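Working notes, structure below.
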Amino acid sequence: MVKVVTSFGRSGVSDWLVQRVSAVILLAYFLFVAWVLLAGVSYTEWKGLFEATWMRVFSLMALLSLGAHAWIGMWSVLTDYLTERMLGSKGNVLRILAQLLTTLALFVYVVWGVQILWGY
Amino acid sequence: MLQVSIYRYNPETDAEPRMQDFQVDTGGKDVMVLDVLEQIKAQQDSTVTYRRSCREGVCGSDGLNINGKNGLGCITPLSETVRDNKLVIRPLPGLPVVRDLVVDMSLFYAQYEKVQPYLQNNTPAPAIERLQSPEDREKLDGLYECILCACCSSSCPSFWWNPDRFIGPAGLLQSYRFLADSRDTATEERLSRLDDPFSVFRCHGIQNCVNVCPKGLNPTRAIGHIRNMLLSRAA
Ligand code: SF4
Ligand code: SF4
Ligand code: FES
């Protein structure tokens, strides 16, 4: 078995499942938001919608799904192209750097998103 | 005259690979790609190097990249591949070239070895063969016919990028051949060796493998079965 420490769930099955489930949640969320927007929504209605707890929870779920989905997706792209095999030993350095940046960005987005959802 | 272009490379003496052109008179016959190579080697340039043995699609030694698509030279007729009178022959992509059209298959075989491609059964051996019902035997159809030509794995992008960690379509097809065998008792051990993000899950279902297999096998389907076995084991 191939040893892996930087993937999201460290096992192929769990990464695969998380990737599928998060995709479904994201799809549902964006379809819902698109439907609300297309149906025509005023500022007060929009604000009211995001004051409802269920919408905040739904949004948070979508945000966390996005984080997990992007982590897994970026990880598999990075381990395809930024590798020792493709670029020599600097491949490892570049990949770890890119991974750190990805993780940092995702962390910032999630925290910021929580602040937006519960801050207003 | 058929315009043939062949990849030439000797890593020991050449700085880089080059394409060499030949004109071949096939006498208007629809011969196989391997026949064209044989004719060139016999009549024009005896240094052109390639592997072949059975010349009837059984041994799997002449996997080649023919006009951009992997296949066996010996069972690919010119009519199936030649357009505009041109035939371009390269080695299988993604594997190190030993000489001209001969590639080093070590990585491919190492992945094959990883799946332990032999029957494992730790129950006491019966006096006669281990029997199998016709239905169970049928489950091996479409799996056991693989001739290990590497046409599939060397057409798979996931295998190009991670040939040391992704088992690849050929290895996984054989892995499933033993997972599906009613006489094999090592299913759990086999699955636990596949449960990482690379060995199986690097397959993204692009189906290049299915598209090129000269035996008409379907590694993507076998990989799907393995994934389902891993999922139901984890659930
Ligand atoms: S289906 Fe999977 S194994 Fe086949 S070529 Fe695509 S990624 Fe490779
Ligand atoms: S699955 Fe088909 S293409 Fe792949 S090694 Fe076996 S015979 Fe060749
Ligand atoms: S020479 Fe044996 S498969 Fe082509």
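A Cβ is built for glycine as well, from the same backbone N, Cα and C atoms used for every other residue.
Residues or ranges marked as heme binding site by TrEMBL: A:HIS69. Applying an 8 A CB threshold to same-chain residues 6+ apart, the list for A:HIS69 (heme binding site) reads A:VAL18, A:GLN19, A:SER22, A:ALA23, A:LEU26. In the three-state DSSP scheme, A:HIS69 (heme binding site) is classed as helix.
A:TYR81 (ubiquinone binding site) falls within a helical segment according to DSSP. Around the Cβ of A:TYR81 (ubiquinone binding site), the same chain contributes no residue under 8 angstroms that is 6 or more positions distant in sequence. According to TrEMBL, the ubiquinone binding site annotation covers A:TYR81.
What TrEMBL lists as transmembrane segment is A:21-41 (among others).
With a threshold of 8 Å between CB atoms, the same-chain residues lying at least 6 positions outside the transmembrane segment (A:53-75) that come near it are 6-8, 15, 18-19, 21-23, 25-26, 29-30, 32, 98-99, 102-103, 106, 109-110, 113-114, 117-118. Under the heading transmembrane segment, TrEMBL lists A:53-75 (among others).
Annotation source TrEMBL lists transmembrane segment at A:96-118 (among others). Tertiary neighbourhood of the transmembrane segment (A:96-118): same-chain residues 6, 50, 56, 59-60, 63-64, 66-67, 70-71, 74-75, 78, 82, selected by CB-CB distance under 8 Å and a gap of 6+ residues from either end.
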